[in-house]
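**Q** Starting off with a structure, shown below.
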Amino acid sequence: MSNNLEVEVVYFYARENSKSHKTDKFELIYDEENPIPIFRRGIKFTLALRFKNKSFDPQRDQLRLIFNFGPKPNVIKGTRGVIKVTKERTPTNDFKFWGANILDLSSDLILEVWAPTSAPVGIWTLQVESSIVNSSIPPSVYNHEGDFYILFNPWNCHDLVYMPEERLLDEYVLTDVGKIWVGPYGSSRGREWVFGQFDACVLPAAMLMFEKSDLPPASRGDPIKVSRMISKLVNSNDDDGVLVGRWDGEYDDGTAPSAWTGSVQILQEFLDTQSPVSYGQCWVFSGVVSTVCRALGIPSRVVSNLVSAHDANASLTVDKYYNIDNEEMDYDPNNPMGEDSIWNFHVWNDVWMARPDLPHGYGGWQAIDATPQETSSGYYQCGPSSLEAIKKGQVGFNYDVAFMVASVNADVMRWKEDNTRELGFARIYSNKYHVGRTILTKQAFIFDPNGDQDREDVTLQYKPPEGSKAERLSLYNAVRGTELAKSFFALPDPGLEDVEFDLEELERIKIGEGFCVVVHMKNRSDKVRNIKALLSATSVFYNGVKASLIKKEDIEVVLQPKSQETIRMTVKADEYLEKLVEYSNLKLYAIASVQETRQTWTDEDDFEVLKPKIDIRIPPEIPIGKPTPVTLRFVNPLKKILTNCRFNLSGPTLIRNQVIRYSDVKPGGLVKINADITPKIAGEQILVATFSSKQLIDIRGSAKVEVLEDEE
């Protein structure tokens with residue numbers, strides 16, 4: 001008969017350990033029936049074992065803790081950790097290996113245990129092997145029924161995701177509501193987003209992403225590979241990942257991207273159906289990426305690039321082509337398989353980590369992008385790209401640095417049909433300043449529900465000051481590493497240009513107001529110049545795709561020597577209202593040709609017609625655990641009835657993904673609903689709301705509230 005120790009129970013102290021591991025906000029550890037421990041690698045946690053038949057005697061009993069990860073655990077690959085429990089103290093050795101020390105063995109055996117800072121992240125299991133010293137009797141094996149999570153640890157200096165300025169981790173790992181800047185340059189504004197990384201569905205959804213990926217279990221402790229996998233799995237293009245992207249305004253068979261208030265509802269649906277969720281756009285992809293990264297322990301921030309280039313042919317330029325009649329061509333003759341475009345804005349993520357695969361100095365923030373634009377290594381994934389490499393134009397470094405350089409710093413080039421040129425086109429215009437006008441993220445520790453006092457400009461982290469010698473050298477450094485770019489940048493500049501043109505930029509137009517397209521012209525020569533100009537206004541989707549022509553005018557001007565003139569085209573509200581598409585983005589476009597010199601100039605401006613915000617009325621202080629009434633209201637700005645109306649409400653610990661249907665709204669009518677929220681946790685909390693209808697979408701608002709402890 002075996003006299004081996006017989007394990008009765010293993011207790012992980014899920015709640016007690018969570019404080020020191022900074023995992024105490026995760027809902028999974030508070031499940032009444034099955035609390036799931038969540039630990040960070042590289043920090044000690046307390047573990048207790050109770051035995052059925054006798055107490056542990058380190059002189060007589062041999063005890064091994066075996067931690068397993070994945071289907072084929074292997075010590076060499078790091079997916080199995082084996083700890084021999086002895087009375088000798090085990091040094092942490094910078095947390096390079098699994099280890100344990102005895103804290104108490106008077107009754108139950110209480111241990112402090114740690115996982116190495118290289119351990120794969122995800123779900124682990126525990127086996128306990130017990131035997132007698134110098135005995136031939138086979139060991140007894142106890143398989144602990146419960147699983148536990150191991151996460152990255154950005155608070156440990158030996159972890160690759162360590163962030164030296166630890167206070168910032170309160171923002172980039174622990175903050176569960178943030179902002180995402182959307183809209184064209186000049187009229188962008190922060191869109192509230194509930195990350196909700198501590199919700200009970202998030203870590204299981206992240207594990208489903210791992211299962212769908214081709215990332216081996218042994219690689220799941222490497223934040224470089226994990227973050228690249230996340231950029232691939234948050235879109236559904238290759239592996240039936242989380243979100244289906246769509247940009248055409250047709251969302252009746254799913255949820256419109258503008259209707260989401262945060263990531264939790266998306267990840268819950270993905271987990272429940274194990275299928276992609278419809279629909280997402282760039283800020284939705286980035287919001288989900290930050291949720292998953294923060295849940296796993298990778299510091300993450302959402303980054304918005306206002307005026308973002310999509311370089312489809314690796315030329316480091318965005319190219320538009322015009323025929324002999326000054327009409328824009330709808331294809332790219334130098335890239336028949338695709339077309340360059342300029343997005344009014346584009347949103348991706350920065351994640352923080354060391355880069356031991358690159359030369360020293362390229363760690364820190366790394367850009368990853370889950371929006372499926374171009375393939376990388378055969379898949380729709382992007383990054384991680386070192387911001388330092390992007391800034392220096394080091395396109396030879398992994399991963400996708402050239403694509404990111406173009407996104408923030410491509411030159412805009414315009415080409416006009418010219419059969420006398422080798423390419424069949426002459427370069428008529430080059431703009432070095434248009435792309436990457438401003439790159440924004442949310443400022444740490446600030447949330448402004450009514451304005452943009454919480455935005456942070458991080459443009460200089462991506463590129464040197466625009467127009468500086470360093471900025472040009474950075475781009476030319478990238479050009480040297482890209483063959484097609486060499487040929488484009490080697491072309492001569494256009495010839496004589498003695499007429500100056502300037503398109504006035506519009507910034508903020510309220511819906512229902514008219515506007516003008518205005519171009520100023522100045523003749524610097526001492527000769528008459530005859531000018532033909534075309535002005536137009538078009539509704540566009542935010543990714544640059546044209547929707548409907550609103551108005552265009554051909555104008556001819558005789559510009560006297562050393563003189564100035566202004567031309568304009570007026571657009572009334574009734575001319576554009578029926579042609580607006582989602583997010584109400586408009587593009588103003590102007591092109592002009594000088595007859596005498598063949599000088600051709602072109603420019604464009606994007607702006608957004610502003611819609612009302614939801615006014616959320618709630619007391620500034622509310623009690624914990626008691627229902628509190630909330631009122632949401634705004635006025636319909638359109639001269640049409642709104643149908644298929646609904647509100648979405650969300651706020652961590654306040655309300656979870658509530659959808660409220662609403663009746664049809666008359667033209668100019670007041671939209672008003674009442675709801676109740678019941679706070680679960682004291683402290684500052686944030687409520688986010690969106691409104692959508694068939695005729696009007698992307699109406700939103702937020703409110704900040706202080707939840708007070710019960711005084712009883």
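Please read every residue number as a count from 1 along the shown chain.
Glycine too: its Cβ is placed from the backbone N, Cα and C atoms.
Fair warning: this is a prediction, and the values are worked out from it, not measured in the lab.
The annotation domain 'Transglutaminase-like' is assigned in TrEMBL to 274-372. The active site annotation in TrEMBL covers Cys282, His346, Asp369. The feature Ca(2+) binding site is assigned by TrEMBL to Asn409, Asp411, Glu466, Glu471.
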**Q** Report the residues of the chain - excluding Asn409, Asp411, Glu466, Glu471 - with C-beta within 8 Å of the mean position of the site's C-beta atoms, for the recorded Ca(2+) site, in sequence order.
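**A** Surrounding the site, in chain order, are Ala410, Lys432, Tyr433, Val435, Gly436, Lys463, Gly467, Arg472, Ser474, Leu475.
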**Q** How big is the gap, in Å, between the Cα of His346 (active site) and that of Cys282 (active site), rounded to a whole number?
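**A** Cα of His346 (active site) to Cα of Cys282 (active site) measures 6 Å after rounding.
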**Q** Under 8 Å Cβ to Cβ from Glu466 (Ca(2+) binding site), same chain, six or more residues apart: give me those in sequence order, or none if nothing qualifies.
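**A** Correct list: Lys432, Tyr433, Gly436.
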**Q** Within its own chain, what residues at least 6 apart in sequence put their Cβ under 8 Å from the Cβ of Cys282 (active site), listed in sequence order?
**A** Trp343, Phe345, His346, Val347, Trp348, Thr371, Asn543
**Q** Per DSSP, what is the residue count of the domain 'Transglutaminase-like' (274-372) in each of helix, strand and coil?
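**A** Going through the domain 'Transglutaminase-like' (274-372) residue by residue, I get 15 helix, 40 strand, 44 coil.
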**Q** Pick from Asp369, Glu471: which of these recorded positions has the biggest number of other Cβ atoms within 10 Å of its Cβ?
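**A** Selected residue: Asp369.
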**Q** Other than its own, how many Cβ atoms are within 10 Å of the Cβ belonging to Asp411 (Ca(2+) binding site)?
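**A** Counting Cβ neighbours of Asp411 (Ca(2+) binding site) within 10 Å gives 23.
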**Q** Limited to the domain 'Transglutaminase-like' (274-372), I'd like the whole-number average of pLDDT.
**A** 91
**Q** Cα-Cα separation of Glu471 (Ca(2+) binding site) and Asp369 (active site), in Å?
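**A** Cα-Cα distance, Glu471 (Ca(2+) binding site) to Asp369 (active site): 23 Å.
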**Q** Can you count the other CB atoms that lie within 10 A of the CB of His346 (active site)?
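**A** The answer is 27.
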**Q** Once the chains shown are all counted, how many other Cβ atoms turn up within 10 Å of the Cβ of Asn409 (Ca(2+) binding site)?
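**A** Asn409 (Ca(2+) binding site) is surrounded by 25 other Cβ atoms within 10 Å.
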